[in-house]
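Single-structure report; data block below.
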Amino acid sequence: MALERTFSIIKPDATTRNLTGKINAKFEEAGLRIVAQKRIQMTKAQAGKFYEVHAERPFYDELCEFMASAPVVVQVLEGEGAIAKNREVMGATNPADAAPGTIRAEFAQSVGENSVHGSDAPETAAIEIAYFFSGLELVG
Ligand code: RTP
Ligand code: MG
């Protein structure tokens, strides 16, 4: 499998509970390298653009409100098959369905406040990385 990069967000429910380090430890234990990382607070409009694909979903407004409610940590993770590996470490969207030991099983509070985001495909990973990071900020 090829070395790949994926985009990750540690969401407001996790940053406000001081879980950034514990979540990063899960990534590193799984062999994912954090090659870029910064803590930012998004506006609701910026969150809305990021989650544009979900604009028609009933939870869209609540999701954008939540993502702008407190700081998030945006990051780029690198590793062999990083996109799939990250989603495996994250666990299912709904923490009630997440496998034991996954980030969402251990830390998520609900299907909405589920601690992490991870890209779902190479195309979305590239778009999402470019939305938050310049080439100069990516140091492999
Ligand atoms: P993400 O994009 O954040 O990595 O999560 P995902 O792929 O596992 O889930 P997705 O279907 O893309 O949904 C994006 C985010 O929207 C929130 N959500 N809320 N209230 C609800 O029923 C509901 N469903 C989804 C979650 O924060 C989810 O991660
Ligand atoms: Mg998704």
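Every residue, even glycine, has its Cβ placed from backbone N, Cα and C.
Where the annotation comes from TrEMBL, it is an automatic prediction and has not been curated.
What TrEMBL records for this protein:
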{"type": "DOMAIN", "residues": "3-140", "note": "domain 'Nucleoside diphosphate kinase-like'"}
{"type": "BINDING", "residues": "Lys11, Phe59, Arg87, Thr93, Arg104, Asn114", "note": "ATP binding site"}
{"type": "ACT_SITE", "residues": "His117", "note": "active site, pros-phosphohistidine intermediate"}
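Here the features listed in TrEMBL are placed on the structure.
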residue: Lys11; record: ATP binding site; contacts (Cβ under 8 Å, 6+ apart): Phe66, Met67, Val72, Glu113, Asn114, Ser115, Val116, His117
residue: Phe59; record: ATP binding site; contacts (Cβ under 8 Å, 6+ apart): Gly112
residue: Arg87; record: ATP binding site; contacts (Cβ under 8 Å, 6+ apart): Gly118, Asp120
residue: Thr93; record: ATP binding site; contacts (Cβ under 8 Å, 6+ apart): Arg104, Val111, Asn114
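Residue counts for the domain 'Nucleoside diphosphate kinase-like' (3-140) under DSSP, split into helix (H, G, I), strand (E, B) and coil, are 63 helix, 28 strand, 47 coil. Most other Cβ atoms within 10 A: among the recorded positions Arg104, His117, that distinction falls to Arg104. Among the binding-site residues Lys11, Arg87, Arg104, not one has its Cβ under 6 Å from an atom of ligand 1. There are 22 other CB atoms within 10 A of the CB of Asn114 (ATP binding site), with all protein chains counted.
Here the binding residues for ATP are Lys11, Phe59, Arg87, Thr93, Arg104, Asn114. Their largest Cα to Cα distance works out to 21 Å. Regional average pLDDT for the domain 'Nucleoside diphosphate kinase-like' (3-140) in the model is 97.
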